[in-house]
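Feature annotation from Swiss-Prot assigns active site, proton acceptor to 143; the stated evidence is sequence analysis. Taken from Swiss-Prot, the feature ubiquitin cross-link applies to 51, 145, supported by experimental evidence. Marked as domain 'Protein kinase' by Swiss-Prot: 22-286. The region 'Disordered' annotation in Swiss-Prot covers 325-368, 389-424. For 518-547, the entry in Swiss-Prot reads repeat 'ANK 2'. What Swiss-Prot records for 584-613 is repeat 'ANK 4'. Annotation source Swiss-Prot lists repeat 'ANK 5' at 617-647. For 782-811, the entry in Swiss-Prot reads repeat 'ANK 10'.
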């Protein structure tokens, strides 16, 4: 219902609402300005926001202040200004468009943002303030700060809270209320603090804008460590500004330009600060923002000529209020210029590294409408339509430039409408000029489907790390698009190492729990590739930290394998299970021990992980550490309460068996020092000495012998350590055992001695060591001597060694004379 013109509710074109028109009141914010409620309009079927007065009882003065704020917001209708619909009678409040994302202050504190989004926010804020300052007279905001910069569902800026806004020169310092001063003081220029009677001008907002730039680049609050308002005021007046730490190790080059601009904007002398508004080039500050965010290869020409890109395209911008119809014409301009005609140049800002020039993408001529021309005049609104999606995009021709070089081989897309990124519900109440429209194209029978074309564009943007392009083309329905490989776009971004693209996908609510064909979630991939920034972003969402891939590995398994201490701590803070097992029964502790990640083992031990938890075949973490020879971990685990150094696997092997088998001398020594039994037997009755002798680890065998290992112990098959060393040809180990008085006459399977085994396998050097008058002609249970076995195996060198030492040739040996090998030849010669 409309208010009467003569009442305090006279609102011109604004509407007056009753409380009964709203339902579902939900408080979403509060402060010195009052309370903000999210409400649903009964008839409009959409969500709105109502900013109510902080007072329970609103007098006429407060009511008039609220009306004045509403009128100022109505007067300042612009794409980057928060739309206002009217006043609610009771409770008294300002009815505005609901911003789903909330304030910039909240967003900056929530998670790291993509650089392209940060640049776009700075750019859109500058354009919104430029609009206010271009009004006649200029409208001063006077309270510009992240809390008063709202963001819609697609992260576009809407400047709000005009409670302090005044027309140029009509307000004094004493108008500032102490309500909410603490959140505002860091954004106040020094002249406002110092000069009580000073008339305000546009330079006030310029200073505040500089602090906003600092906050967006650093994602911190200015003077956050200072808790006293007076101390902040003294610092600002004395010329202190927020510190400039390295914004980011891999920050884009545009940061340097913005930092220089920011430092100019927060100068103590307001006269040397740049301005938003101006003549010809739309104001010095807008020009500086564009210069910082447009490709660094471009340059400004002389005043009035515009910005020259490398392609010789010249962009001229004019004051947005050069005619009273400019807002309407801007909306019409957007409708006349589809999104598909906004193209990326070869020098778009790349957050990772400077892109290489691609001359085929940036033509020397620009076609617009029907007449080709080199120099085109563009209004500010046209320029903004080119820049608002990627900040670093330039103006190119329409049809022939509609694809990037990586997409030029694709057929043109088929028919079908592409949404602008605004849902149907949101678009009904979006401010004028905030929608970017695209038009249908004529279908072609040879064209790829729209989905396939869009999918390829998204893949190309992510793989190339073109975040600005991704921000432009990503539609809400495409966020969880399944690729041909079964992966999602988020999988692709993580796999390609494109952290900025992953940030944008997550900001657009990409599902972090989707799995690819291997069962891996983006968290698996991010942890495996040690992309810490993405890991932090993923864990900040509702995510299944214990999701398993096809091998039953969780993200914590990957962190343990890589020794990624940071990811391990983050996962444990999110209650990742330390007892999840993979297909081999290994927990993250088992994996960390297997891969020698002592730092992870210590973290898990501090978390109270049970080190006696058995994996497949009853392997403990200590078994894995001993098997791989990770001495520090063996020491650490062996000293844990309740750990037995003689713990056996399913086949009866102890950690000492495993260390001896792999020849880890130092591990074996520390285990023995910690009272490991050197004579413990496995299920095959093998002692650690048997294992060391069989694998030829002489130093470990010597250690075991000196620590009391039995030389004559036999396995379940009847082998001694000497038998095993001789059979496998380990000469050094055989010498050691002989020196240690091992029985060379001991009989094993088939009643064979160590010499029989060495001869049968052709180990001539071992035969040389073992041969003696006592054993050279001994027979096994089959009646074969060492010479018979060597000849049977056709080991000529071994036969020669035995013959040289006087081995006896008998009928059994002669049956091999009919052969043609070297062994048979030797036997025939010896017989002759």
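Cβ coordinates are placed from backbone N, Cα and C, and glycine is handled just like the others.
Model, not experiment: these values are computed from the prediction.
Look at residue 51 (ubiquitin cross-link): DSSP puts it in a strand. Between residue 51 (ubiquitin cross-link) and the residue listed as 'active site, proton acceptor', the C-alpha separation comes to 16 Å. Each residue in the repeat 'ANK 5' (617-647) gets a DSSP state, and the totals come to 18 helix, 0 strand, 13 coil.
Across all of the repeat 'ANK 10' (782-811), the predicted model scores a mean pLDDT of 88. Within 10 Å of the Cβ of residue 51 (ubiquitin cross-link) there are 23 other Cβ atoms, across all protein chains. Sorting each residue of the repeat 'ANK 2' (518-547) by its DSSP state yields 15 helix, 0 strand, 15 coil.
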